[in-house]
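Peer 1: As annotated by TrEMBL, transmembrane segment applies to 12-28, 49-72, 78-100, 107-127, 147-167, 174-196, 216-239.
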Amino acid sequence: MGFSADNLKGFILALLSSGFIGASFIIKKKGLRRAAASGTRAGVGGHSYLLEPLWWAGMITMIVGEVANFVAYAFAPAVLVTPLGALSIIVSAVLAHFILREKLYKLGVLGCVMCIAGSVVIVIHAPMEREITSVQELWSMATQTAFLLYVASVLVVVFVLVCHFAPRYGNTNVLVFTAICSLMGSLSVMSVKALGTALKLTFEVAIFEDWDGQNAGSIISEICGFIVVLSGTVLLHATKDSERSSSSRGNYASLSPSLSTRLCAGNGELLKHDEEDVASSEEICLRRQ
């Protein structure tokens, strides 16, 4: 059994991911049921579930689980993390039995036991992962001829399955879509693994290397100094905005009397012109008579 410290971190993160993702399905379904009781069901085009806090709680729970699953690939081999994702099905089945009152039959219980047994076997015999020390090394592994040939062959097979077999046999044979998902899943798992490893190496080389010779007190002081600088910047912007608003109000108050005076003067001129027009029209009428 090759179980290193990184494998343990990845194992714990994968378990947490399965728990969060499995629980999110139940929370979202509760939210959908509650939304359907007061509006149109989502299955027939309703969107009332978007206003249901319980559905959003389930969505946030799923996001947390997916983030934990992504980070798990950075620490543990894919052969350890990926099969542990099946534990989310067990969490969903158990919670659905107790919360949603959905009956869990004997075959379902047997399936849960088999998933647990398989996960234990995988954890016990998890391989030691090759240590990667730089992003350049990761890139050289990704550009190997064997890997590029595998990617090309997978894309060709998936294209044939989607364009030829899926329209003809997709509705009658479940293996067609299962093969498509499995082949594309192999590429997505390797991509996530590579991205997670690259981010891990970037944070350890670019961030923590400068703090190797410092103690905990110095690091905390630097963080506090950064927070003080950030707070001072926010206060400066807040003060500038308040000064602008107060000055604009003062200018408006000083301009108001002159503006009203001009308007009154303008109205007086208008009234004067109106009276002159009326007088001239009366004179014209008298002259005609």
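Note: Cβ is positioned from N, Cα and C throughout, glycine not excepted.
Unlike curated records, TrEMBL annotations are generated automatically.
Keep in mind the model is a prediction, meaning the values are calculated, not measured.
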Peer 1: So if I exclude everything within five residues of the ends of the transmembrane segment (147-167), which remaining residues of that chain have a CB under 8 angstroms from its CBs? That is, six or more out.
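Peer 2: Answer is 141, 176-177, 179-180, 183-184, 186-187.
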Peer 1: Which sequence-distant residues neighbour the transmembrane segment (78-100)? Criterion: at least 6 residues beyond either end, Cβ under 8 Å.
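Peer 2: Residues 7, 10-11, 13-15, 17-19, 21-23, 25-26, 29-30, 65, 69, 72, 108, 112, 115-116, 118-119, 122-123, 126-127, 189-190, 193.
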Peer 1: Please give the sequence-distant neighbours of the transmembrane segment (107-127): residues at least 6 beyond its ends with Cβ less than 8 Å from one of its Cβ atoms.
Peer 2: 1-3, 7, 11, 76-77, 79-80, 83-84, 86-87, 89-90, 93-94
